[in-house]
Amino acid sequence: MTGPATATGQEARNLPAPWALLAEVTHACPLHCPYCSNPLELVRKSAELSAGDWARVFAEAADLGVVQSHISGGEPLLRPDLPEIVASAHRAGVYTQLVTSGLGLTADRLGGLAEAGLNSVQLSVQDARRPGSDLIAGTASYTAKEHAAEVIRASGLPFGLNVVLHRHNLDHLPEIIELGARWGAGRIELANTQFYGWALRNRAALLPTRDQLDRAKATVAAYDAGGGPELVWVMPDYYEGLPKPCMGGWGMRSITVGPDGTALPCPAAYAIADLAPPNVRDRPLSWIWTESAAFNAYRGTAWMTGPCGGCPRRETDFGGCRCQAYALTGDAARTDPACSLSPDHHLVRDPVTEAVQAPAPEPVFVYRYPS
Ligand code: SF4
Ligand code: FES
């Protein structure tokens with residue numbers, strides 16, 4: 001296994017500014033989605049940053065150049081001090097989007113957040129059909145989401161809907177789009193499942209067939225928004241032979257801060273065992289961004305090995321996803337196995353072939369619960 005390398009100080013000093021901060025204010029969540037992007041080891045509530053800590057993080061982030069923040073979780077509404085957290089981001093001049101399951105979102109609660117300066121809301125729904133949505137969420141939650149959608153629409157805040165796509169809901173895509181329009185979303189993010197963490201555990205149950213994806217892509221291509229929601233299609237990298245330019249490049253655009261202050265170049269990087277991520281309790285964000293070994297480990301192209309080293313796409317896709325390379329090969333510096341040029345491509349190709357040949361799996365999931 002190759003450990004993280006550190007870029008030169010010169011390279012670090014020529015860095016672009018980060019523009020986005022993912023603030024995971026808690027890992028607690030009333031839902032149990034089997035593709036959750038939180039780590040397998042969830043942070044306990046007792047280890048969470050205080051609202052005062054978050055105020056310092058937002059101020060430091062704004063000084064670094066961050067202009068927008070997704071305030072996420074888990075379920076951020078489980079933090080009673082969420083208005084204080086939002087207000088501190090607003091004071092720092094950072095545009096905020098609440099990323100929520102909708103459970104616990106009342107008109108009063110959203111009104112308080114809007115008064116604190118909240119700029120927009122992204123609501124998740126697991127399927128257009130109630131039974132499928134509740135099955136994936138691992139709890140009855142569809143009715144609460146319907147209510148949350150009404151509350152968001154009535155607030156007038158910009159409203160995005162997020163739907164993670166997989167074998168059990170891809171065929172419902174036209175209904176999902178209709179649902180977004182009916183609920184009043186301005187934008188629907190159609191996020192094909194990314195297979196690391198919980199989703200990798202559930203890969204056999206979640207992987208769609210190529211036919212399902214082709215039909216879904218045709219639906220998106222034929223969609224005419226008119227006055228309806230904009231669609232955002234998040235690429236399913238297992239099927240294209242091309243890796244995604246993950247996070248716009250490692251340590252190039254965004255910072256994730258976890259509930260306990262762990263700072264990472266992307267939310268899935270908790271899993272990279274030899275990364276030794278810094279913590280905002282110990283270091284200012286400017287040091288974390290420019291100097292920390294974790295943020296410099298896979299920045300630029302100097303670290304690249306194997307086919308990426310001489311590849312003309314290396315400045316386009318940055319060698320793909322480090323977290324996926326680590327999850328599938330145990331070495332975050334290897335070419336992303338999603339790339340058809342990767343010597344490890346069979347690790348992606350074979351499960352896709354099996355998904356096509358196998359009958360639709362029973363929707364039996366390993367749900368996200370604290371260990
Ligand atoms: Fe991208 Fe590396 Fe594949 Fe080239 S070899 S397309 S740089 S992942
Ligand atoms: Fe971490 Fe892709 S999810 S680099």
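Cβ atoms are placed via backbone N, Cα and C, with glycine included.
These figures come from a predicted structure and were not determined experimentally.
DSSP assigns C36 ([4Fe-4S] cluster binding site) to coil in the three-state reduction, outside any helix or strand. Residue density at C36 ([4Fe-4S] cluster binding site): 24 other Cβ atoms are found within 10 A of its Cβ, drawing on all protein chains shown. Under the heading [4Fe-4S] cluster binding site, TrEMBL lists C29, C33, C36.
Positions annotated as domain 'Radical SAM core' by TrEMBL: 15-229.
Sequence-distant neighbours of C29 ([4Fe-4S] cluster binding site) (same chain, 6+ residues apart, CB-CB distance under 8 A): C36, N38, G73, G74, E75, L78, S101, R368. Around C33 ([4Fe-4S] cluster binding site), the C-beta neighbours below 8 angstroms that are at least 6 residues distant in the chain are Q126, I136, A137, G138, V164, W198, Y367, R368. Taking the centre of the Cβ atoms of C29, C33, C36 as the [4Fe-4S] cluster site, the nearby residues of that chain (Cβ within 8 Å, site residues left out) are L31, H32, Y35, S37, N38, G74, S101, A137, W198, R368.
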